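Chemist: What follows is a structure written as structure tokens; I'll ask about it next.
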Amino acid sequence: MKKDQVLDQRHRPLRDLRISVTDRCNFRCTYCMPKEIFGDDYQFLPKDHLLTFEEIVELTKIFVELGVKKIKLTGGEPLLRKDVYKLIAMLSKIEGIHDIGLTTNGVYLKKYGSKLYEAGLRRLNISLDAIDDDTFRRLNGRDVSAKTVLANIDYAVSVGFSVKVNMVVQKGVNDHQILPMTEYFKNKGIPLRFIEFMDVGNTNGWNMKDVLIKKDIVKMISSVYSIEPIDENYFGEVAKRYRHQDTGSEIGFITSVSEPFCSSCTRARISSDGKLYTCLYAHEGFDLRDFIRSGKSPEEIKMAIERVWQNRKDQYSVERTENKGMLNKNKIEMSYIGG
Ligand code: SAM
Ligand code: SF4
Ligand code: SF4
């Protein structure tokens, strides 16, 4: 198949693919899978609804034909998917992929870290919202200690992974952790990225007044540390990066609320049951699993994906910011589509 460049309605190319490998999670983060909603009787996807590794690989190859260069595996918690390291090994062999990453809450890294590394994974985004134990236990909804994740971050670094830590900031909930987290990861030399609390899904009770925006976080950090902005690495880089002037350690900001980056959004997402979404805030996906399982050829699937991307107009964050608040939409949940 010939390599194509496909552009959407806002002239954005398709470059990144986020693949969710499960909708299940061992955490119940209050801002993502509140336990009042994701309780014991919550109906997760049945196993046979999930894309198999072979189906994921088949689809990924087609996405690469359409311009994808970067893959990120996510979830739910991707390390809950049985033998996910085997999928990494299969994806690593696909020619044309420059980069494979995985986003995890870090709990199972001790168990699977070395297998993932051997399979070819090199980049990990590890989520951690506080180093204070009480705050972290409350936020993850499962009483897991921050020490567990901190130890696993050290372990991942010792295995050889390039690690970034992601912290979702909520005003009045964990903003008192911004400076301790900054100090801790500055000393470790591990990049720390602050994520503005987003109105993904319909269950996390999002309100603009709970969002601490980048400008205020920068002000808070600058009152103690000397930091300076760094230039963008590449078109569409999601994080706005800064560095500590003394050590060079990096911090970054994912500013979906205060400075939306839709104009350079080159990301497609596949849910674990094989639906293609062109925006984190979408409410409808295109069923690729049905295409594969009904025996459509790679060429037919490629044409279908191409059409979906060419029709893409999404820029939810820009519209929310213009609207100065959440837009009323029946959005998919973050744990279903992945971050
Ligand atoms: N379970 C893995 C983890 O937590 O890293 C991967 C999936 S999780 C949905 C991916 C990322 O989305 C995490 O960094 C998480 O903190 C972030 N996230 C989830 N809900 C969010 C929200 N409402 N606002 C901002 N970030 C959110
Ligand atoms: Fe699970 Fe990640 Fe969502 Fe937390 S943010 S509930 S770890 S999927
Ligand atoms: Fe991309 Fe949608 Fe997020 Fe905008 S709101 S950056 S289009 S995923």
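Just so you know, glycine gets a Cβ as well, placed from its N, Cα and C.
Where the annotation comes from TrEMBL, it is an automatic prediction and has not been curated.
Since we're looking at a predicted model, the values are computed, not measured.
These came from TrEMBL, pasted as-is:
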DOMAIN    9-228  domain 'Radical SAM core'
BINDING   Arg18, Thr103, Lys164, Arg267, Ala268, Arg269  GTP binding site
BINDING   Cys25, Cys29, Cys32  [4Fe-4S] cluster 1 binding site
BINDING   Tyr31, Gly76, Ser127, Met198  S-adenosyl-L-methionine binding site
BINDING   Cys262, Cys265, Cys279  [4Fe-4S] cluster 2 binding site
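Looking at the shown structure, what environment does each listed feature sit in?
Modeler: In the predicted model, the domain 'Radical SAM core' (9-228) shows an average pLDDT of 96.
The Cβ of Cys29 ([4Fe-4S] cluster 1 binding site) has 21 other Cβ atoms within 10 Å, all protein chains considered. DSSP classifies Cys29 ([4Fe-4S] cluster 1 binding site) as coil under the three-state reduction.
Taking the Cβ of Met198 (S-adenosyl-L-methionine binding site) as reference, residues of its chain lying under 8 Å away and at least six apart in sequence are, in sequence order, Trp206, Ser256, Val257, Leu280, Met334.
Within its own chain, Cys279 ([4Fe-4S] cluster 2 binding site) has Cys265, Arg312, Asp314, Gln315, Tyr316 as residues 6 or more apart in sequence whose C-beta sits under 8 angstroms from its own.
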Chemist: Of all the binding-site residues given, namely Tyr31, Cys32, Gly76, which is spatially nearest to Arg18 (GTP binding site) at the Cα level?
Modeler: Gly76
Chemist: Identify which of the following binding-site residues, namely Cys29, Cys32, Met198, place a Cβ less than 6 Å away from any atom of ligand 3, and list them by sequence position.
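Modeler: Among Cys29, Cys32, Met198, near ligand 3: none.
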Chemist: Could you measure between Cys29 ([4Fe-4S] cluster 1 binding site) and Ser127 (S-adenosyl-L-methionine binding site) for me? Cα positions, answer in whole angstrom.
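Modeler: For Cys29 ([4Fe-4S] cluster 1 binding site) versus Ser127 (S-adenosyl-L-methionine binding site), the Cα atoms are 11 Å apart.
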Chemist: In Å, how long is the longest CA to CA span across Tyr31, Gly76, Ser127, Met198, which the record gives as the S-adenosyl-L-methionine binders?
Modeler: 17
